[in-house]
There are 2 protein chains.
Amino acid sequence: MENSDQDPLLVSENTRRRKKSYGTSSQQEVKNFNSGNENGFKDDIKPILDEIHSLKRSSRANETVPIGSLDVLSVKYESLDYDICENRLMLDEERNKGYSYYIKKLFMKWIIFFLIGMLTALIGVCIDISIDIISTYKYSVIKNNIDHCVTEDCLHVPFFIWVGMNVGLVFVGAVLVAYIEPVAGGSGIPQVKCYLNGIKMPRLVRIKTLIVKVIGVISTVVGGLAGGKEGPMIHAGAVVAAGISQGKSTSLKSDCKILGYFREDHEKRDFVSGGAAAGVAAAFGAPVGGVLFSLEEGSSFWNQSLTWRIFFASSISTFTLNIILSAYHGRPGELAYYGLLNFGHFESLDYQLFELALFALMGVIGGILGSVYTFINYRLTVFRLRYINSQWLKVVEACLVAAVSATVGLLMIYLLNDCRPLGQDPTKFPIQMYCNDGEYNSAAAIWLQVPEASVRSLFHDPPASHKLSTLVIFMVVYLGLSIWTYGLSMSAGIFIPCLLTGAAWGRVIGILISLMLPNASWVDPGKYALVGAAAQLGGVVRMTISLTIILIEATGNINFGLPLMITLMTAKWVGEYFCEGFYDIHIQLAGVPLLAWDPPPLSSSFTANKVMSYPVVTLPPTVNVRTIVNILTSVTFNGFPIVEETKSKYHRSSGACFKSAGRLRGLILRSQLLVLLKRRIHVQQGVVPEITIKDFREEYPSYCEIKDIYIPEEEMDCKIDLTPYMNPSPYTVQHVASLPRMFRLFRALGLRHLIVVNETNEVIGMVTRKDLARYRIAKHSGQVNMEELNFSDRL
Amino acid sequence: MENSDQDPLLVSENTRRRKKSYGTSSQQEVKNFNSGNENGFKDDIKPILDEIHSLKRSSRANETVPIGSLDVLSVKYESLDYDICENRLMLDEERNKGYSYYIKKLFMKWIIFFLIGMLTALIGVCIDISIDIISTYKYSVIKNNIDHCVTEDCLHVPFFIWVGMNVGLVFVGAVLVAYIEPVAGGSGIPQVKCYLNGIKMPRLVRIKTLIVKVIGVISTVVGGLAGGKEGPMIHAGAVVAAGISQGKSTSLKSDCKILGYFREDHEKRDFVSGGAAAGVAAAFGAPVGGVLFSLEEGSSFWNQSLTWRIFFASSISTFTLNIILSAYHGRPGELAYYGLLNFGHFESLDYQLFELALFALMGVIGGILGSVYTFINYRLTVFRLRYINSQWLKVVEACLVAAVSATVGLLMIYLLNDCRPLGQDPTKFPIQMYCNDGEYNSAAAIWLQVPEASVRSLFHDPPASHKLSTLVIFMVVYLGLSIWTYGLSMSAGIFIPCLLTGAAWGRVIGILISLMLPNASWVDPGKYALVGAAAQLGGVVRMTISLTIILIEATGNINFGLPLMITLMTAKWVGEYFCEGFYDIHIQLAGVPLLAWDPPPLSSSFTANKVMSYPVVTLPPTVNVRTIVNILTSVTFNGFPIVEETKSKYHRSSGACFKSAGRLRGLILRSQLLVLLKRRIHVQQGVVPEITIKDFREEYPSYCEIKDIYIPEEEMDCKIDLTPYMNPSPYTVQHVASLPRMFRLFRALGLRHLIVVNETNEVIGMVTRKDLARYRIAKHSGQVNMEELNFSDRL
């Protein structure tokens with residue numbers, strides 16, 4: 001228990017699980033339970049607790065989790081609960097407030113989605129304009145110094161300026177992320193994906209996280225790291241949505257006391273889907289792609305009106321961003337800036353039928369390179385987990401990467417003499433270096449601009465803008481830098497680095513083809529750069545329909561959909577042959593119990609009594625305060641079935657024997673019990689009065705812990721009637737139900753607890769997300785089998 | 001029973017329901033059940049059957065359903081069953097065939113989706129080319145005759161030719177639909193929507209239906225009716241998908257014996273979603289819109305890999321259509337034909353910020369006009385239900401409309417003298433009529449082309465191509481014609497008529513604005529025609545995100561997404577103030593028990609024991625053949641819980657008293673029992689041998705009826721062990737579960753039967769789709785209340 005202070009609940013869920021793996025045999029268990037059952041409910045729990053504690057001691061020793069293992073689930077992560085607790089309080093509210101309340105909620109939803117779209121776009125604008133101003137300043141200083149020093153032979157001066165600026169900027173971001181809010185590191189997409197999948201991600205949607213993320217991403221991009229601002233935008237949208245919809249902030253410790261009716265996991269999730277979509281829409285100018293991103297990564301249950309609202313938020317987001325950016329860039333009212341990243345206007349994107357095969361081949365390359373990217377970054381992450389543990393080391397590593405990025409950039413400019421004539425000028429800061437008058441250094445053009453602009457250059461520069469060798473060297477160098485960058489203690493996305501790497505090798509292929517077939521009019525290096533960018537990105541992130549549509553919208557050309565789709569599809573298939581997707585690997589590394597879309601194949605023979613956790617701690621319908629306190633202090637389960645005692649004491653099922661805990665009456669959550677204890681105001685005549693639904697909403701989502709609640713001894717023997725608060729008809733399955741059946745129920749309805757009952761409706765076990773997530777299909781020496789993952793509280 | 005020969009099952013489900021409405025009191029029931037329970041299971045059923053039969057007689061008299069009522073559910077429609085029956089046969093198959101079988105199924109899915117996309121596009125091409133050839137011939141004949149007769153004063157000749165051609169062509173389509181396959185009438189979208197919602201639509205996806213539909217839609221369009229070919233394309237895609245994926249055809253009475261493993265409702269549904277999407281993709285060149293159409297209308301459970309396959313089918317469909325049509329129109333390899341309907345290339349679609357308010361206003365007009373359209377068509381449909389009952393009357397009405405359409409067209413050409421200079425020539429068959437030399441009649445230009453071309457003309461014709469009065473008259477006339485046309489015994493969609501009407505009034509608004517503000521450069525009548533078309537269509541069909549994206553893709557301009565969205569949103573909101581959507585009204589008229597996305601608001605206080613149907617007919621785990629035959633002959637329920645007898649005979653819940661039918665062991669379907677009886681081969685020693693999973697698949701989906709199975713008397717006393725075939729863990733709810741809870745379970749998992757149990761897991765009732773669909777929220781004199789719909793077997 002000692003090392004799990006952040007979230008002690010999970011440790012004992014872990015224990016509950018371990019029960020099955022390391023525990024005494026089932027027969028012995030039953031014997032334990034048979035003693036001491038006669039004198040009332042309170043004593044009935046004692047043997048269970050004793051058993052759990054003894055197991056905890058004995059099993060602790062068994063646990064050695066190799067760092068970097070992909071086959072372990074963390075016990076730290078809890079599920080969100082999308083099930084609606086239809087208890088008496090909620091029924092009363094529905095009856096009293098009636099239809100107008102329903103309409104009011106509906107109306108408020110539209111307003112909130114509007115605000116989500118607008119605010120997300122405003123954050124995007126802030127990031128974009130900050131980056132624009134700072135980077136313009138930075139690059140102009142460097143350019144002037146280089147121009148000056150090429151003649152004066154003082155190139156060490158711009159070198160130190162460049163390195164110094166990079167390191168200084170990155171230092172700010174790294175310190176913020178390492179010391180203030182580590183969850184703001186990385187792109188945020190894997191975390192948002194987990195949240196939408198139904199997992200509680202601690203501190204993910206706090207305002208503090210948002211602030212760190214925004215400053216962090218600015219420092220990443222202007223600090224010259226190989227990272228993008230698109231992934232962080234999605235995270236930012238999610239935070240905005242969670243913040244606005246709840247009317248309260250844990251970071252700011254303020255509660256506006258409005259919008260109380262949206263303080264439920266499932267309402268909040270709906271808004272966060274909208275926020276993520278608005279983030280995508282702002283990042284890529286892709287409202288439809290945003291909706292599909294939310295659906296692909298999140299929703300299990302498609303709902304027409306929700307999707308329509310999400311689309312509304314996305315459209316508002318793109319529109320707001322466009323209006324403001326157009327005005328900022330001096331073209332007010334023209335609506336020419338569709339997103340933070342847009343691919344620019346392609347004159348024509350025609351393709352011949354046979355080119356589809358070529359695109360598929362590029363998809364293969366993307367799949368392979370993407371797997372290489374993912375694999376090396378995975379090894380690097382494992383190395384970091386092992387050796388770069390302290391916060392200052394993380395800051396140092398980030399600064400080191402910043403310095404190396406600048407060095408490599410200057411070296412490429414210095415060593416490669418790729419001169420092109422000025423004039424059609426695709427860059428803002430052309431540097432002459434050792435080129436003749438009227439020419440500029442093409443390598444400098446790539447390095448001395450933000451990566452988004454480099455991507456656009458590779459898409460649209462005229463065919464002869466780069467030497468082949470420049471592009472090849474750039475691609476290798478940038479691939480290496482971007483692998484090194486992701487996982488630093490910085491906020492940085494991987495979309496832009498992948499697109500840029502891919503665009504570079506795609507353009508290389510385009511140039512090679514045009515060298516081989518000088519007369520082919522269909523060869524356009526820009527088109528191949530686009531396909532390469534898609535292939536590389538697809539090979540890394542392995543998203544499907546949403547990525548296709550994001551790319552279509554960013555390209556602005558619907559007719560190029562099929563080529564993009566074929567490229568992404570091949571990249572995904574080839575990549576999956578080698579390793580899992582980038583996000584998935586990082587999610588597995590963190591041991592997050594993500595549930596896939598479908599139950600694992602070949603799992604129908606696993607039944608509920610094999611999968612479930614037991615023993616279950618239960619409560620009677622009316623209970624002493626003391627009993628509740630005892631239970632909450634001793635175990636850390638999050639849901640307690642409410643049962644009535646029955647005569648039968650155990651239950652036999654497929655050879656094993658399970659304690660039956662009594663006949664199911666309902667389910668009460670730990671959080672509900674905590675609120676009941678905390679708010680037991682006006683105790684009179686030994687009975688705790690009813691608590692209203694408002695009390696529950698005010699406490700959501702950060703409930704206090706049992707040790708923080710002081711209960712005077714004279715109230716300890718008060719009785720609480722739990723029936724008004726419990727969920728009277730929780731979802732249950734029979735002990736013979738199959739794993740796929742439970743999985744579908746769990747996934748489609750977003751459950752947190754699924755109670756397993758025997759033939760006479762007596763509780764014998766409990767299935768939670770972790771019980772389902774631990775089953776996985778795996779290939780070992782040609783044989784395909786189910787494997788069960790282990791649990792760890794070290795992750 | 002007499003009039004329900006197509007689907008007798010539903011009549012007694014109706015009776016089961018009616019039980020609650022008209023039956024004797026619950027107390028009496030229990031008394032009935034208490035007698036005759038001692039001597040075995042078979043006799044136990046007799047009182048239930050007796051009761052059901054007596055109720056049927058007594059309640060029949062109570063039933064008078066007004067024709068055209070929107071508040072009645074038909075008992076004719078059954079649910080599909082998306083739940084997977086994880087019985088022993090299926091487990092054995094999974095164990096024996098292993099992982100390679102799983103991979104093979106996956107691979108086959110991709111192939112089938114590819115074929116669905118391609119074949120759907122080929123059907124689209126057939127329709128398009130046929131229409132092109134026939135209509136070119138028709139219009140050139142008419143044009144030549146008019147040109148000739150204007151001078152010779154014999155205008156009655158082209159009039160008779162026009163009317164004759166129209167009537168002749170429409171006659172073919174009307175006869176086919178009226179006499180051969182009525183389900184091929186209309187657009188097919190409401191029916192496909194119902195199918196995807198989980199309702200068995202008889203004969204909807206048969207090949208015969210497809211053939212009638214294809215010929216029907218050609219005859220509609222070339223016959224000059226105000227109907228489109230886009231809706232029927234969606235239906236065609238659905239049929240193609242169902243046909244290919246099952247490897248058998250009921251129409252052709254052939255079974256290829258392949259793809260047996262896809263013969264399940266939920267697999268078939270997945271393919272049909274893909275087919276519908278491919279249909280949309282072919283019709284509008286909108287692959288993304290197709291995917292979203294399928295999702296919006298169909299899927300309840302979003303699945304990433306399924307959606308990706310659907311998108312694949314859609315893309316293949318658009319691509320195939322494009323390749324072939326480009327070649328047909330003499331531009332092979334250019335990929336310039338994105339769908340049967342495309343809006344043509346808009347040079348620029350910019351808009352000013354303030355125009356958004358204007359677009360919203362047009363949305364309001366669209367909502368009002370759409371409601372008018374829907375309301376008049378609804379009254380007309382009721383009139384037809386009442387008076388146009390016989391097949392020949394339907395054919396006559398269709399021919400009448402064809403004749404009127406031609407007459408109106410010629411009258412407009414004759415009476416309106418709207419002359420425009422030739423030259424920029426937006427039409428294929430310019431007619432001079434009474435215009436000066438070098439001019440053509442603008443009204444003739446609208447009438448003498450297929451409606452798709454007219455839509456494009458209104459979008460792209462130069463500002464001064466039409467007189468205001470011509471457009472206004474055309475719009476009114478065409479609105480009338482299209483209202484009259486939908487519901488004829490013809491295959492015809494409403495997309496094109498709505499778009500054309502809307503484009504006409506939209507253009508009128510554009511012209512009016514440019515008259516008022518002659519200097520405003522932003523006024524482009526074509527742009528307003530587009531917004532008007534969207535508004536009109538949105539006001540009628542009330543689709544949301546999918547329609548927006550279909551229009552964006554058909555326009556080919558992503559940046560015009562927000563205006564289209566705002567227009568559609570206002571149109572939907574305003575329209576919903578007046579009446580429900582067009583498709584919904586037609587679905588309600590047919591009494592189809594469609595389930596909405598969310599449970600009705602304010603329904604949490606309705607619990608399972610209020611909602612469920614009872615008594616339930618159950619079976620013991622091992623049963624005589626005779627008992628099965630008796631039950632299947634006497635009742636027409638589709639699912640029978642398998643129970644073990646218990647001591648308790650009834651159960652009290654919220655004041656009422658319910659017969660408890662024994663402890664739940666599993667669920668067996670009527671179809672499974674039928675297969676068991678039909679295939680009871682090699683009966684030896686009085687025991688029926690096991691039947692394999694193949695037997696079940698070969699019978700899917702058209703099971704025989706019990707009266708067609710001959711069982712020799714000596715086999716009647718054989719015992720069948722039902723446990724290997726039953727679903728051992730069907731979904732259940734407690735009698736206290738709320739309506740929203742059951743609704744979500746039912747909707748998310750696509751259930752057909754939901755068993756209601758008491759505290760000790762004894763069956764007390766059954767909830768089916770109709771039990772849930774009958775609850776609806778309604779406004780009566782300002783008060784909002786729940787109302788319960790009645791049932792009818794007359795619909």
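Backbone N, Cα and C atoms are what each Cβ position is placed from, and that goes for glycine too.
Remember, TrEMBL labels are computer predictions, not curated facts.
Annotation source TrEMBL lists region 'Disordered' at B:1-38.
Sequence annotations record features per position, and here TrEMBL assigns compositional bias 'Polar residues' to B:22-38.
Positions annotated as transmembrane segment by TrEMBL: B:110-131 (among others).
For the transmembrane segment (B:159-180), the residues of the chain that approach it from at least six positions outside its boundaries are 134, 138, 141-142, 145, 208, 212, 215-220, 222-225, 391-392, 394-395, 398-399, 401-403, 405-407, 409-410, 488-491, judged by C-beta separation under 8 angstroms. Per TrEMBL, transmembrane segment is recorded for B:159-180 (among others).
Sequence annotations record features per position, and here TrEMBL assigns transmembrane segment to B:210-228 (among others).
For B:271-294 (among others), the entry in TrEMBL reads transmembrane segment.
The transmembrane segment annotation in TrEMBL covers B:306-328 (among others).
The transmembrane segment annotation in TrEMBL covers B:356-380 (among others).
For the transmembrane segment (B:392-416), the residues of the chain that approach it from at least six positions outside its boundaries are 146, 155, 158-159, 162-163, 165-167, 169-171, 173-175, 178, 223-226, 384, 431, 433, 441, 443-444, 447-448, 467, 469-470, 473-474, 477, 481, 484-485, 488-490, judged by C-beta separation under 8 angstroms. Taken from TrEMBL, the feature transmembrane segment applies to B:392-416 (among others).
Annotation source TrEMBL lists transmembrane segment at B:468-487 (among others).
Taken from TrEMBL, the feature transmembrane segment covers B:494-517 (among others). Residues 187, 226-231, 283, 341, 358, 362, 365-366, 369-370, 373, 451-452, 454-455, 458-459, 463, 466, 468, 471-472, 474-475, 478-479, 481-482, 485-486, 523-537, 540-541, 582 of the same chain, all 6+ positions outside the transmembrane segment (B:494-517), place their C-beta atoms under 8 angstroms from a C-beta of that stretch.
Per TrEMBL, transmembrane segment is recorded for B:529-552 (among others).
The annotation domain 'CBS' is assigned in TrEMBL to B:726-782.
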Considering pairs 6 or more residues apart, do the transmembrane segment (B:468-487) and the transmembrane segment (B:210-228) have at least three CB pairs under 8 Å?
yes
Could you give the residue numbers and ranges of same-chain residues that sit at least 6 residues beyond the transmembrane segment (B:110-131) on either side and whose C-beta is under 8 angstroms from one of its C-beta atoms?
210, 214, 217-218, 221-222, 229, 232-233, 236-237, 240-241, 244-245, 259, 262, 271, 274-275, 278-279, 281-283, 309-310, 312-321, 324-325, 328, 340, 450
Per-residue pLDDT averaged over the domain 'CBS' (B:726-782) comes to what?
90
What does the DSSP secondary structure composition of the domain 'CBS' (B:726-782) look like, as residue counts for helix, strand and coil?
16 helix, 21 strand, 20 coil
